[in-house]
Amino acid sequence: MSTANRSNTNSLPFLLTGIPGLEALHVWISIPFCFTYIMTLLGNSMVLLAVRLDKSLHEPMYYFISMLAVIDLTFSTAVVPKMLSVFWLDSREIGFEACFIQMFFIHTFTAVESGVLLAMSFDRYIAICNPLRYNTILTSSSTIQMGLLSLARGAGVMTPLMCLLTNLPYCKTRVIPHSYCEHMAVVELACADPSVSDLYSLIVATLLVGTDSVFITFSYGMILRSVMRLPSQEARLKSLRTCGSHVSIILMFYIGGLLSMYLQMFSFGLAPHVQVLVADLYLTVPPMLNPLIYGIKMKQIQEGIFKLLRQLAGLSISQAD
């Protein structure tokens, strides 16, 4: 295909189908997704406000939790509003550039979240295995630097992938059988060989997820070893509880991501709408559950949120008077 024809074709918008085969149920399907998005906005915003306003939460662990809240808000906002417009208004069209911007945000912040989870495991390792040096190793500035490094790493590895994908000619069809611009669904529309971009994405995913998960596993192996050496059972349980919420989020992130990825790569005989629903749920449910897990597992976050709610309630009462 000539460069002029490729440019002309790639300027055309894509069309999202929503949930293939379940178009008649889109309005009903939208209800749980809308509820999930509202809860995501409320829960993560409350966590951010609690950490921002409560000075007792100005510690590295809670800064990392704030980073996860920002990531969750970005994930949901990049995907759910457009998804709901497809479900409610049949607004299926998404611009060529907008499609790849959405894809960039999804993949970049997936990589960023993996990096933040790795940093959180390092935080717990220092807090439990080397507590006397915790305040000197993990300062506020070093915590912020870790977050920025995770962001730079995610954007740095995903920018070349986006360049490879946007340079492919898309002339087969403009219909994406998905609720958002899912990477594999979009690549299938290309009428050129996408092997270079496929190889790059496979290498990046393997290196990022593989390296991060190995270091996280090593950190928690060392943590478990140190915890088992503590003299009292109460001390062991207290140490394990402080890591419980982090472990829950790690398992949900990596297991959910692997399940979604493999279902997109291999159908396993499942209907297309099942594959799409799993991918949609992976991007929408964990951002809602993460702040709930913090609230259930971490007493300090609970107290910070309750303190914020009391302040808001007192403010509204004073304004009413």
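Note: Cβ is positioned from N, Cα and C throughout, glycine not excepted.
The annotation domain 'G-protein coupled receptors family 1 profile' is assigned in TrEMBL to 43-294.
Here TrEMBL flags 25-49 (among others) as transmembrane segment.
Residues annotated as transmembrane segment in TrEMBL: 61-80 (among others).
Non-local neighbours of the transmembrane segment (100-120) in the same chain are 61, 64, 67-68, 71, 74-75, 78-79, 82, 94, 143, 146-147, 149-151, 153-155, 157-159, 161-162, 165-166, 180-183, 186, 208-209, 212, 215-216, 246, 249-250, 253, 257, 283; each lies 6+ residues outside the stretch with a CB under 8 Å from one of its CB atoms. What TrEMBL records for 100-120 (among others) is transmembrane segment.
For the transmembrane segment (132-152), same-chain residues at least 6 beyond its ends with a Cβ under 8 Å from one of its own Cβ atoms are 58, 60, 63-64, 67, 111-112, 114-116, 118-119, 123, 126. TrEMBL lists 132-152 (among others) with the feature transmembrane segment.
Per TrEMBL, the feature transmembrane segment maps to 199-223 (among others).
Outside the transmembrane segment (243-263) by six or more residues, the chain places 68, 110, 113-114, 117, 120-121, 124, 128, 205, 209, 213, 216, 220, 223, 270, 274-275, 278-279, 282, 285-286, 289-290, 293-294, 296-298 with a CB less than 8 A from a CB of the stretch. Annotation source TrEMBL lists transmembrane segment at 243-263 (among others).
Same-chain residues lying 6+ beyond the ends of the transmembrane segment (275-296) with a Cβ under 8 Å from its Cβ atoms: 19-20, 33, 36-37, 39-40, 43-44, 46-47, 65, 68-69, 71-73, 75-76, 79-80, 83, 106, 177-180, 182, 245, 248-249, 252-253, 256-257, 259-260, 263-264, 267, 302, 305. Look at TrEMBL and you will find 275-296 (among others) tagged as transmembrane segment.
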